[in-house]
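> First, the structure itself, so that you have it in front of you.
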Amino acid sequence: MKPRPYSVFLFLHIVFYSLLSAVNGSPSLDYFETCSNFVPRAGIPTFSPYAVIKNFDEVNRMYYIQVVGNLSGVITIVGGNGSHIHAASVYSETYALGKLVTSNTTKLCDVVMDPHSFEVPIKCPWAAGSAAFMVKVPFKSTLSDYSKYELTTLTTRVIVVDGTPEKNVITCMKFGLSTTLYYFYPVISYLVVVSLAYVSFSIIYALFLNPWTGSLDPFKSIFNFNMDPDALRLTSLGFFDFVQYLQFAVSTAQVSVMFPKFYINIMAALSWGTALFRFPIFSEPAEYQFADFADLSVASSSYADYLPKSYGMYSFLDSIGIGTACWLPFLIVMVIYLFAALFVALLVIFLKWLMSRIFNETIAETRWDTWSFIAGSLIRLYFLTYFPTVAYMSFQFVAPPTGYEIIPVLWFIFFGIFIPVYLYMNLAFVEPSSKLLEDQTYLHLFGSIYNSFREERVMFWIFPIAVQFMRGITVGVIGSSGSAQLAIFFILEVANVVAYAYVRPHFPQTSMNTLNTFISTMRLITVILMIPLDPRLKVLGISRDLLAYAILFIHIMVCILFLLLSTQRFMEVSARLLGAKSESKGVPLDRPFGWARVFGINELRRRRLKDPYSNGNTMMFDHSTYNSNEMSVPLTPVSVCSNSLKKDGEAAPPKLFVQTNCIPPVTQASSLVPSKNNTASSSSLMLDSPVTPSSPYSTSQGYSFYRPPKPKSSVRKRDMDQLRALQLDFLNNKPNLLRHDVNYAVREADVYHPHVDTSIDSLSQISSQPFEMRPTAIPPPPKNAFQRAWQIVQSTAKSIWHSDPPKESEKGFVVLRSRPRPNLQKPLPQLHIEPSRDEQYSMERKKTDDSLAESAWSIPHP
């Protein structure tokens, strides 16, 4: 039997209705106390309340409060007809943030009822202390009239006076009332869902289109095979970080502290972030009683004894509209999320196949790669829902039993403890560890766990998992003590700040360490603001509401930060695809907050082609002898050498006189062989003019140019062991529609460091000269504090007694280019070889024979 199309739409309608529909419950009581300025007077009867019961009429949307208490003495009741009638009365006033909202006056005899018979009125007069009675306080406004007060606490004050002309006060009590989110519930839910979708689309946009690791292959784009810091910078504070912060915000409402009910209602509207919302078949009206016949008049009893079921997880589940057995709707929502994750994984695989067809690219894939990618997507979902799994399943250990408790226990043991231990055993003993970053099998399955950490910090993923586990146990099991929960939350956030600030598991170029430290600091401030809400401190009234507003303000600021980073992500990737680049003038691509690097005024100036004659130092040259089409963009010279004449009297091209530390003058006519003329006192280098080097405007042979110095603050060191893939292949090799004028294959070494051609052997000859300053051996770093202190003392003494003369500061560096080497014929030196002893004897004998022969020829013959 085929599923009909309308059944699918009906299922989606039920899911979204459950996600975004408001809870149809009654208002909730926040606190109940006696007025601080009420002092019982002698001789006047008093009414001592000991319980509060709230009631709500679903038909006419009216609600009222029943206060149960004991009466001491006889209340004077004056009745009869006439214009001057005095009777015992009940005054009720409702305030919102100190402003009067409504007031009502009712005769006491009209609202007094028997607490044991319920809704049975007591006739006036009645005997003192004969029975307790209830005072019914009605509100003559419907619930819709209070919709604008859904995000605040309605403080109600009830005053009972007798029927005497003096109107003696019998009792005075205050309690807080919070209405359910009826109108603001969909607004908050839709707003957060749209924000999360916006962050998600920005991450997808950056993963596939960034100029470093962007690729048609979604496996490589999503799991970031190259571990490129620039790509990680664009994806920092993404979808997972946003969801985890929402889970933290929801967990604050699950702590047993005296939060106002409206704060818990707001966090309940975000409960879908913890895989729990009001599913229709498990929903029930929020009819939780604040205190049902709690004897507050007994001295041994205290207000804090009744808090565990008034705040924390109980109140949070009450705001959602489900019972304490929350594990069953949680598992149903998890099944829905599981199918959603499978659908997204299959959609990614389909897009991979579709893009390969469109661009005619052959993407090598195997069946194992596909299955491992699907399994890796499920692991992502598992870690995304790890905190609610631990929190809701562990809560069943202390919740009232409802049957089938073995299911949440087994779920907690398997998914809360066994799976993390199994993953640790699989990843901790992989040899070599680089296999985790190079093997596609590990990256497909487990890459989402550690692919944002550095290689030496790849096992740092254990720390956030341990923090999530401890936070879940805290809100699930330790609900009876709000102080203990606050202490554990404080320790966890301090550990987070120290871990990200000291261990620094992410690449420095990504700014993820700084951003995670900032988020942890915001969470720590939130926990500190929760401390005054401890039940033992009894902070009530407006002060408690202001603390809740401050915490909500922090949550809003963090959400705005996520939206700003997503906007910057969209704009930076779009600008780079359109041709913007920040590599010119040595500005690195890995700078944080690349928005200004793309659209800043300095970057816009660098993109303009400068006039070759705009430089004042080059305008002193004779322009008439040069062709403007053959001129290159001049760089900043130091000075111009004058009186440069050729042998025939013509003016020679101007020369640059560049100061150096240890390189002697080098010209075409000068010999590179050490001689007496090239002395160590030479400290300058004669180079050709910056107008002559080759450039896009000229094809002439260029020799050298001078690059001005850069401020040290604008250069950010990179990790030397990280390679960069700066070319977006599928955009550069595709039709003109996707092509852009950006060369991402420029090496960083060509930007920052002087380029020296290997064909120039003059540097090797210069290095052989005796006057070159060679680098001295660097002593090994000291091992302990004593050696460091001794090294400081030695360096200080050496600088005092052997102070060197001040040297001229370095003015930049010279980039040498290849030039035709002059063919210099060097005369070969005459070799003088000492003869051996036999050779000397033969040579002397030969000389003797020659002399005898000459003397013989010189004797005259007879």
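Yeah, the Cβs are placed from backbone N, Cα and C, and that goes for glycine too.
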> Hey, in Swiss-Prot are SER251 and SER434 both on the same membrane side?
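Same domain label for SER251 and SER434.
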> Do you know which of 62-82, 125-145 Swiss-Prot annotates as transmembrane segment?
62-82
> Let me know the model's mean pLDDT on the topological domain 'Lumenal' (278-329).
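Reported value for the topological domain 'Lumenal' (278-329) is a mean pLDDT of 58.
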> Checking distant contacts: for the topological domain 'Lumenal' (536-545), what same-chain residues at least six beyond its ends satisfy Cβ-Cβ under 8 A?
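For the topological domain 'Lumenal' (536-545), the sequence-distant neighbours (Cβ-Cβ under 8 Å, at least 6 residues beyond its ends) are 31, 33, 97-98, 152-153, 155, 176, 258-260, 303-304, 483.
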> Hey, does the transmembrane segment (188-208) touch the transmembrane segment (546-566), meaning at least 3 C-beta pairs closer than 8 angstroms, sequence gap 6 or more?
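Yes, these stretches are in contact.
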> Out of 188-208, 257-277, 405-425, what stretch is closest in contact terms to the transmembrane segment (458-480), meaning most Cβ pairs under 8 angstroms?
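Between the candidates 188-208, 257-277, 405-425, the best contact partner of the transmembrane segment (458-480) is 405-425.
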> When you check the transmembrane segment (484-503) against the transmembrane segment (373-393), do you get at least 3 Cβ pairs under 8 Å, counting only pairs 6 or more apart in sequence?
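These two segments do not touch.
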> For the transmembrane segment (515-535), what are the same-chain contacts with Cβ under 8 Å, counting residues 6+ beyond its ends?
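Long-range Cβ neighbours of the transmembrane segment (515-535): 236-237, 241, 245, 248, 252, 255-259, 303-304, 307, 311, 482-483, 486, 489-490, 493-494, 496-497, 500-501, 506, 543-544, 547, 550-551, 554-555, 557-558.
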> Could you break down the residues of the topological domain 'Lumenal' (536-545) into DSSP helix, strand and coil, giving a count for each?
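Its residues fall into 4 helix, 0 strand, 6 coil.
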